[in-house]
Structure formats: C-alpha cells, structure tokens
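A.B. asks: Let me give you the structure first, and then I'll get to my questions.
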Amino acid sequence: MAKSAAIGIDLGTTYSCVGVFQHGKVEIIANDQGNRTTPSYVAFTDTERLIGDAAKNQVALNPQNTVFDAKRLIGRKFGDPVVQSDMKHWPFQVVNDGDKPKVQVSYKGETKAFYPEEISSMVLTKMKEIAEAYLGYPVTNAVITVPAYFNDSQRQATKDAGVIAGLNVLRIINEPTAAAIAYGLDRTGKGERNVLIFDLGGGTFDVSILTIDDGIFEVKATAGDTHLGGEDFDNRLVNHFVEEFKRKHKKDISQNKRAVRRLRTACERAKRTLSSSTQASLEIDSLFEGIDFYTSITRARFEELCSDLFRSTLEPVEKALRDAKLDKAQIHDLVLVGGSTRIPKVQKLLQDFFNGRDLNKSINPDEAVAYGAAVQAAILMGDKSENVQDLLLLDVAPLSLGLETAGGVMTALIKRNSTIPTKQTQIFTTYSDNQPGVLIQVYEGERAMTRDNNLLGRFELSGIPPAPRGVPQIEVTFDIDANGILNVTATDKSTGKANKITITNDKGRLSKEEIERMVQEAEKYKAEDEVQRDRVSAKNALESYAFNMKSAVEDEGLKGKISEADKKKVLDKCQEVISWLDANTLAEKDEFEHKRKELEQVCNPIITGLYQGAGGPGAGGFGAQAPKGGSGSGPTIEEVD
C-alpha cells in the first residue's frame, strides 16, 4: 500500500473542513451527510454523544448539552474577559477549574466537565473519521489551522486537541497563510505580489496581508475582529423577526429558547438564500403558542439591518495596510475566504474600498483554508509533485514578545509580525549593586507597560557574582520555532551560568498526564459510541422484524392460507415484543437480539409452512428480508423540527 496521505484540517469556530492532497490535486472531503463543511458542534444526550451535523440538528431540543464555540475558549483562562463575556451568550454552562474553563454537560445521566481541548478533539476526531471513510485507511498526520492572532497558549492547546484526537500534528499554521497557499499554487512565477486576505467566517473576521514571491510566502500584517461573522448577521435577522412577531401577534418569543433556535435556523437559511436571490421567505409552523410564522425579507432590508457590521469590516483592512506599510494601490490581489464573503454587499464594500479592483473568489471560500492546509500537509510529508515542490512557507509572530525591565517597562525582543522561525538576542544588566539574581518575565503584547500585556512565563537566573549595578552582562535569547513555540534563555556572561524556559504556556496548558488521560477517554467515548450504534441497529432490526411479521399475517391475500390459531400466535407474540420494546428502549444489544430469536422461533415455522404451502412468487421474498430487518438497510433518520 502507498504511504498514507496527510490531511489538512480547518478547525473553525462554527464549521470545520478537511482536505487531502492526492493525485496532484486537493480534494475537499464531504461528510456522511454529503456536506463539505461540518458544524464544530458536540452534543451529549442521555444515550449518546453526537458530533457535527447530528449535534447541530438537535440543538433546539437539547441546548444546555450542545457545545459549540470551543475555539473561543481554547487556550484561555477562565478569568479572561473574553471568556467572561462569551459565557453570557452560551446556553451551555462553563465552570472554573483552577482558572481553566471547562464545559459542564449532562451525559448519560451524569454531570461531566470537559476541557475545551477535549471538545475540539472530538470535532477533530470527526474530521479525521470523515477523511478515513473517504480514503479507506487510517490517517494520523495532519496540519491544523488557527487564526493569525492566536497566541502561544491557544496554538499549543489546539495542538493538544489534535493529540487527544489521535493525530500527529505536523504543524499548526495560520488560516490566512493556508488560504494564501491554496491561492499561491495557481500564482507562481509572477514576481512579487502583495495579497490581502479577507476572511469573514461564521464567528470571526481576519484580515491578513501577505507577500508572495516565487513560491515564498511572507505574512506582513494581520488584523481582525474576534467577534464578527455570520452568526452576528443571523442575530440581526433573529432580532428583526422577533420584533415583527411582536407587532403581528403581540407576543414575545425571545424567552422561549426552542422558538428562538428554530427561528435562528430559518434565518441562517434565509441569509444564505439572499446571497443569490434578492428575496427569501421564512415558513415556520407552530413557532410559538401554536402560531404559524410565515414571512419574507428582501436583500436590501437584510443589508440595512447589518449595515454597520458590514461597514466595520473595512477598519481592520485599513489597520492591516498601515501595519504592512502599504498603500491600498500596492495590493495586487484580494482573496475572499469564509462563507460570509459570499454576501454581495460585503464584496461590494471591499471592491469599492479598493477602487473597483477584481476580487478573487475562484476558490470556494468555505474550503480555501482546508485546501491550503492539505497542500502544506503534503509538503511536510515530502510530496514530490511539482505543484508543491517550490513552495516555502514563512509565518509570523502574531504579537510582540519581550521581557519586563526596570519600572515595569515592556522591552520587545521579537517584534509583532516578525517572520518565524526567528531568534533574537539582547544584553541586559542588573538594576542594583550586588544583585544576586534576575527575574526574567516573558510577556506578549503591544503595550508599553508589561501590566497591560500578557505574562507568558517567568524564571530566575541566580548566582550572579556580586558586582556594582550595570556591570554584569546577562544575555537573553528569544527563539521561536516553526510551530510558534518560544524558548527563552538567559546566560550570565561572566560565569556561563544559564537558565531557560520553554513557553508552551504551562500554566494554561494541559500536562502530559492530562493529555494521556484525555486520549484514553476519547478512545473510551469512541467505543461507547460504537456500542450505542450497534444497540440502536439491533433495536431497529427487532422492531422492523416484529412489524413485518405482524403485517405479513394480517395480509388480506393470506386469508384461508393460515389458521386463525397460528395467526393469533404470531400476532400475540409480535404485540408482546412491541410492548416490550416500548418499555425497554434502553435495553442492551444482546437483549434485543435475544428477543428477536424468541420471536423468530414462534414465527419462522408458521411463515415457512405458509409459504411452502402457498408456493407463490413471494415465497423467498419475505422470509429472506424480514430477519435482516432494519440493520441491513442503513441508519434511519428521525426528523427534528
């Protein structure tokens, strides 16, 4: 067998996508529902765990135990203002565990708490399985993408999520960089080009400026808004229709979670329709207190409802241009990424800002990031195809990195947007006479004072020989590797004594043991999911068999061919089984199978005798199909809402 391909995963806030590079091109892989993007949702019920479409589809029925937006929690502390403000909007509960946020849900009748890494790992496991189902062999190697402004601990935590999902994470790369790679393949050999990537997704907005020169990518600047995306546009529509419902029916549905959730689903659908049509209609039966809600909305009205949000997308564009020290006339290409860039008004605003420049939308905006990640995965696996041969990837540090010097001043060694991997060294000295040691405190951020920046870690270099202030020479080196992991070393030049810290943000990070434990738990949950699937198919098989038998003996065409006694025997037994099923929906697989054997012992002799007697064309048809029941015919889908 050829060596297995590596995959690229776009782990999104609201949706995720997976791709693979094979036979010289990228394939974006559809899930079992036929969708090329999968909701980043995980749901827990009394009987099972659902991931992706299945989880999102039942959210109206089970909002407290359906988890999404794990990407907004990952790598953050519980006390982080972002976490505190986001928590107010989520229907699921977030609890504090040693200043780490955990999501608390009820699963199989027990209260369980999961780290964001675990929730994300479940989504990653789903993406891995989607790829495996398509490729037909196990997949372990993957490139996973993160937003450009993710800091060190968020990157690390994402990597941990990959490990828990059983992946070997080849590299974590920036989403815009991935989109640029997707874009760069068809753009080699044109001299240096400045590309602006405008990524408006389901929950977040990112602007990045890259320079591409002969297959080499360099990220010049990044900007964005972590809380702007398709969901905000949905919210505007929801609020609009809640008000309309009040006007029309004098009732407020906003406190009824299920009604709002059904309305939101309809709004999301309407929004998508409005990207291609100028009008969309909503029809929701019995939305609230038995009232059917039938209404419509025009594209113009939708644009007006969201006009301030749409306009606000241009501010980060201006900021990125300033950071990259480029004028808008110097941008050669504009690339659209993220489903929300399909909105005509958003495209028009961007196009007008760049004085009518053409937008590049040849890549499906939902898939561009996974596309690039798949290419990058192929490169890292040593793919020799000429399409990827000449591509080299330079990434950047999203925030300045430095240390605290006298008076709480932030002294940056690695400036924001520096190309990584990179290494910077600077000499520092002591602040007071005979100072025995120095405390090296490492920060990330753009503010002048360290108190306004984010402390990544600290360590001490002790044993400095007594000397007047300003005499000792302490050499500090900041070294970032290709994954954005930071090593800081301090060396006393006189003694050669050194100390170092690797910032994978240990305070915010999971320990090796915790990751191990989570890997095992992930396996356990996966096994439980399998058991649950088998159980359900055994139940369905029994149910179909019972109903098939019942309808067989009640068939008008069999009158006179079966004795009333036999008929009663079969019907009574079927009825007994059907009643037992209603009372024991949660029985185990072998109980269902045992019941089925019991039922077969009663039915088979009668049915076989019946058909041998009848001898008709139907003889084999029914007996052959029935014992299979539901199990052979694939999963059955129950409609929700």
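Cβ atoms are placed via backbone N, Cα and C, with glycine included.
Copied straight from Swiss-Prot:
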- 2-386: region 'Nucleotide-binding domain (NBD)' (REGION)
- 12-15, Lys71, 202-204, 268-275, 339-342: ATP binding site (BINDING)
- Lys77: N6-acetyllysine (MOD_RES)
- Lys108: N6-acetyllysine (MOD_RES)
- Lys246: N6-acetyllysine (MOD_RES)
- Lys348: N6-acetyllysine (MOD_RES)
- 394-509: region 'Substrate-binding domain (SBD)' (REGION)
- Lys561: N6,N6,N6-trimethyllysine (MOD_RES)
- 617-641: region 'Disordered' (REGION)
- Thr636: phosphothreonine (MOD_RES)
A.B. asks: Report, as a single number, how many Cβ atoms besides its own are within 10 Å of the Cβ of Arg269 (ATP binding site).
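C.D. replies: 13, counting other Cβ atoms within 10 Å of Arg269 (ATP binding site).
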A.B. asks: Across the region 'Substrate-binding domain (SBD)' (394-509), what are the DSSP residue counts per state (helix, strand, coil)?
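C.D. replies: Residue counts in helix, strand and coil order: 3 helix, 60 strand, 53 coil.
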A.B. asks: Lys77, Lys108: which of these modified residues has the sparsest Cβ neighbourhood within 10 Å?
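C.D. replies: Taking Lys77, Lys108 as the modified residues, the minimal 10 Å Cβ count falls on Lys108.
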A.B. asks: How big is the Cα-to-Cα gap, in Å, between Arg269 (ATP binding site) and Lys108 (N6-acetyllysine)?
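C.D. replies: Cα to Cα, Arg269 (ATP binding site) and Lys108 (N6-acetyllysine) are separated by 32 Å.
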A.B. asks: Grab the pLDDT values for the region 'Substrate-binding domain (SBD)' (394-509) and give me their mean, rounded.
C.D. replies: 82
A.B. asks: Around Ser275 (ATP binding site), how many other C-beta atoms are within 10 angstroms of its C-beta?
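C.D. replies: Total other Cβ atoms inside 10 Å, all chains included: 18.
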A.B. asks: Select the closest residue to Gly12 (ATP binding site) from the following modified residues, measuring between CA atoms: Lys246, Lys348, Lys561.
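C.D. replies: So, spelling it out, the nearest of the modified residues is Lys348.
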A.B. asks: Using a 10 Å radius around its CB, how many other CB atoms surround Gly12 (ATP binding site)?
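C.D. replies: For Gly12 (ATP binding site), the 10 Å Cβ neighbour count is 27.
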A.B. asks: Nearest to Gly203 (ATP binding site) by Cα, among Lys77, Lys108, Lys246 (modified residues)?
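C.D. replies: Looking at Cα distances from Gly203 (ATP binding site), the smallest one goes to Lys77.
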A.B. asks: Compile a sequence-ordered list of residues in the same chain as Thr341 (ATP binding site), six or more apart from it, whose Cβ lies below 8 A from its Cβ; state 'none' when nothing qualifies.
C.D. replies: Phe198, Asp199, Leu200, Gln347, Lys361, Pro365
A.B. asks: Specify the nearest of the modified residues Lys77, Lys108, Lys348, Lys561 to Ser275 (ATP binding site), where nearness means the distance between Cα atoms.
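C.D. replies: Given the candidates Lys77, Lys108, Lys348, Lys561, the nearest one is Lys348.
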A.B. asks: Given Lys246 (N6-acetyllysine) and Arg272 (ATP binding site), what distance in Å do their CA atoms have, once rounded to a whole number?
C.D. replies: 25
A.B. asks: According to DSSP, does Lys246 (N6-acetyllysine) sit in a helix, a strand, or coil?
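C.D. replies: Helix, per DSSP.
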